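Okay, so here's the structure we're looking at.
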Amino acid sequence: VSSVITESIFNDLLKHRNDAGCKAKGFYSYDAFIAAANAFPGFGTTGDLTSQKRELAAFFGQTSHETTGGWPTAPDGPYAWGYCFKEEQGNPPGEYCQASSEWPCAFGKRYYGRGPVQLSWNYNYGPAGKAVGFDGINNPDIVANDATVSFKTAVWFWMTEQSPKPSCHNVMAGGWGPSGSDTAAGRAAGYGVVTNIINGGLECGKGSDSRQEDRIGFYKRYCDILGVSYGSNLDCNSQKPFGFAAQSQPRLIKTVV
């Protein structure tokens, strides 16, 4: 991954992440990103160079939307302001705790959005911690205190399939093709399906949506920096969200805006 995302490019992608106005100032480091990327074989290294660049642009595009500090007239444009936050902004509702025998909530702990992907809910902190190597139930705060762990939760989410959804990685690396039911639902390979995986129940199948347009804006900027074309099917305007059961459950991530 470091051969595609050099430290210079990383700093260009996330140009204003360390500005005084960004609450995550000084947190998201290049070394932490590379350590996390290297912990997941295949991430950003699958397929030809075009596929690799598009996957990494897509990863940063989606996570930048989740952590954006941009606004329409921001210096260098709204898409130069990804990774401004490491914790969910506003007043997170409750503790994000759902009754679970496998991942019971710890007393006094809150499972609101943290890190690049804004990991949320006890039933996601538990599996993420198990996969990455931290106690997600008893120490969810580490996702906002340790940059390498924080990036690892984001890459873990990116690489992990959530049936009936494919993984974001598999879509962007070219390993997923639409089934007959996918085609009937308007889903076709491309960046739009990644948005559908992440937040389809709220953003997809409703025509143009400002949130997914923001995701696309980040993605295009990052593709331009990496010198790669965008590919097709960038939006999910006409895509039905993945299965009803998946839609009816709380999302894996929580947006900061």
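Just so you know, glycine gets a Cβ as well, placed from its N, Cα and C.
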Per TrEMBL, the disulfide partner of CYS204, chosen from CYS168, CYS236: CYS236
From CYS84, CYS97, partner that TrEMBL gives for the disulfide involving CYS22: CYS84
Nearest of the recorded positions (CYS22, GLU66, CYS84, CYS97, CYS105) to CYS236 (disulfide bond), judged by Cα-Cα distance: GLU66
Tally of residues which DSSP labels helix, strand or coil - the domain 'Glycoside hydrolase family 19 catalytic' (149-159): 11 helix, 0 strand, 0 coil
Structural state census, the domain 'Glycoside hydrolase family 19 catalytic' (22-44) (DSSP three-state): 9 helix, 0 strand, 14 coil
From recorded positions GLU66, CYS97, CYS105, CYS204, the one whose Cα lies nearest CYS22 (disulfide bond): GLU66
Pairwise Cα distance for CYS97 (disulfide bond)/GLU66 (active site, proton donor) [Å, integer]: 21
